[in-house]
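Student: Pulled the feature table from TrEMBL, pasting it below:
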ACT_SITE  2  active site, nucleophile
DOMAIN    2-234  domain 'Glutamine amidotransferase type-2'
BINDING   303, 365, 366  Mg(2+) binding site
Ligand SMILES: O=P(O)(O)OC[C@H]1O[C@H](OP(=O)(O)OP(=O)(O)O)[C@H](O)[C@@H]1O
Ligand SMILES: NC(=O)CC[C@H](N)C(=O)O
Ligand SMILES: [Mg+2]
């Protein structure tokens, strides 16, 4: 789940892009990059690490120009090495850079066409590099010395026909401007806003509205499914629906875990949908165990705090922050290997004993994926002297791989895959495990915007919104991206793999 941002401003945009990426850091901790353009010359800096580690003053000084794009990466394809940090760049036509959130599902076919028919070179295993090259090839085919917005839209139209999967992107075209586009189902979020300056209107497009908030942009609206928005270097905005069959079916997991609660996605406040998740979970508890003996509700920070508060309130039970989060440890679920994830949970969370001792505790988390967090926290609660340890998940059981930009590639790594709720309860060591019902989870988000007819809930149901993901793809994904395969790739993708020409993080 990466974060993307693009800005067309009236003066240098580097600092605004940096600030926006900082606001999107929760979407990707592996790598960060910024590319800007001034007088047709592109400047870039990208590397592995957090935004605050990747960019030094000397980099920022060189990132000049009134338009640019940025990316924070959480890999779902290829490796996590520096050569796959984004934005990606191709020099023809015009000079294009792209930042992508999502994941393509027909990569084999796209790669074959690009190599054999379009005669283009791929330097990495990244699906984002493929996407950029498809767009570039289709734009080249428009064959315009001075392309107009319609030419960019035509290239996007042709691109939609060739690629499958989830993608919300910003692309910068040197000398022309920035084009943003979202797949036909609007699986991954993308929103744009504007702000007025003395010199005219500035535009920002980003994965989440929090990126707009920090620099004082006002939300205009979400980019619609299949829509492309082009903003010229002069700040003129054009838009067109470029995909044929469009339907808004956003990823429900944004509301469960990925997005920040202060973001508004497709008109839905993530904060409010998490409050409603907690309310509905409370209703289920009261239905199933009206005579429950829960003394206290304790959330597992960070993401379950909001749902936890509503849960406790609606149960009429005390809410206590019995687990303290170390603010210097990032999100554990999006870390690349199980060993690192496991170690980080213990470093990240510590129990306040007095909130557990002798009590019947209900721990609440937004979701249980691999079970790394809950297993350790339940043990921690027992060590702290809890009497009973109950566990509630604000999302249903995660049983199926994600193919649209969340790195859950392998069903065998998911604790609930092929196991009943009772078996999961036993494995995590809880006295009672309660999952949210899917209808309730969907309603919690849908209540915020009834116009959203459906969500992509594939990790819970195994039904993929694009309807075209074949068994072969799952098998390939599982083989390429299970934890041990990723560990091997990490070892082999050191700096020597970096090509300084355009994909490198060279100094
Ligand atoms: O079952 P698991 O595989 O452990 O995955 C689920 C856990 O991972 C996430 O937390 P994370 O630490 O990534 O981020 P957070 O601070 O936003 O809660 C999520 O909020 C759950 O706590
Ligand atoms: N999480 C994402 O959106 C990942 C984008 C892209 N598939 C990559 O691996 O870099
Ligand atoms: Mg968590």
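Glycine is no exception: its Cβ is also placed from the backbone N, Cα and C atoms.
As the structure is a computational prediction, the values presented were derived from the model and not from experiment.
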Student: Using Cβ-Cβ distances, find the residues under 8 Å from residue 366 (Mg(2+) binding site) that belong to the same chain and are at least 6 apart in sequence, listing them in sequence order.
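Tutor: Listed in sequence order: 256, 257, 274, 277, 303, 304, 307, 393, 394, 395.
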Student: Please check the recorded positions 2, 303, 365, 366 against ligand 1 and give me the ones with CB under 6 A, sequence order.
Tutor: 303, 365, 366
Student: Could you tell me which of the recorded positions 2, 303, 365, 366 have their C-beta within a distance under 6 angstroms of some atom of ligand 2?
Tutor: 2
Student: Under 8 Å Cβ to Cβ from residue 2 (active site, nucleophile), same chain, six or more residues apart: give me those in sequence order, or none if nothing qualifies.
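Tutor: Result: 27, 28, 71, 72, 73, 74, 86, 99, 100, 101, 102, 207, 405.
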Student: Check residue 365 (Mg(2+) binding site) against DSSP and tell me helix, strand or coil, would you?
Tutor: strand
Student: Only counting partners 6 or more residues apart, tell me which same-chain residues put their Cβ under 8 Å from the Cβ of residue 365 (Mg(2+) binding site).
Tutor: 299, 300, 303, 304, 373, 374, 377, 391, 392, 393, 394
Student: If you draw a 10 Å sphere around the Cβ of residue 303 (Mg(2+) binding site), how many other Cβ atoms fall inside it, taking every protein chain shown into account?
Tutor: 23
